[in-house]
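Participant: Below is one structure. I have some questions about it.
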């Protein structure tokens, strides 16, 4: 199984890339994280948020690994604790499907994509920069893995 993070946005500051890389390099070979950046659509010329999200949805769908479990990150998604994520990981690994975490653009994710997702998950009740969400998600995936391995990184 491979973990994918599909994120609308590119040209992130160096500290975002450094933070993200720090956690992805810690992951074991059997649970690698791959980032796929999706170029955001321009919201110019009176273009509606709906048309921007629909265009971004098409790009996201083209980048999704075939057959992957889709976990869409959304402010109205389910609140999971780190322990719940850690409990989900072994089941996902046994099922063998890749898992694609999807981070939307400035306007969020298209409703069609959210409806198609296997899980809607909220990272935080606070509004966060999308680049920071990449770092937080990578850290939480590493922490969840460390819990499943009784690794000392996580101290409950």
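Every residue gets a Cβ built from N, Cα and C, even glycine.
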Participant: Looking at Swiss-Prot, which one out of 73, 85, 89 binds S-adenosyl-L-methionine in the same site as 104, 123, 124, 125, 126, 127, 128?
Facilitator: 73
Participant: If you skip the near sequence neighbours and keep only those at least six away, which residues in the chain come within under 8 angstroms of residue 127 (S-adenosyl-L-methionine binding site), Cβ to Cβ?
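Facilitator: Non-local contacts for residue 127 (S-adenosyl-L-methionine binding site): 75.
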Participant: Counting across all protein chains shown, how many other Cβ atoms sit within 10 Å of the Cβ of residue 125 (S-adenosyl-L-methionine binding site)?
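Facilitator: Around residue 125 (S-adenosyl-L-methionine binding site), other Cβ atoms within 10 Å: 8.
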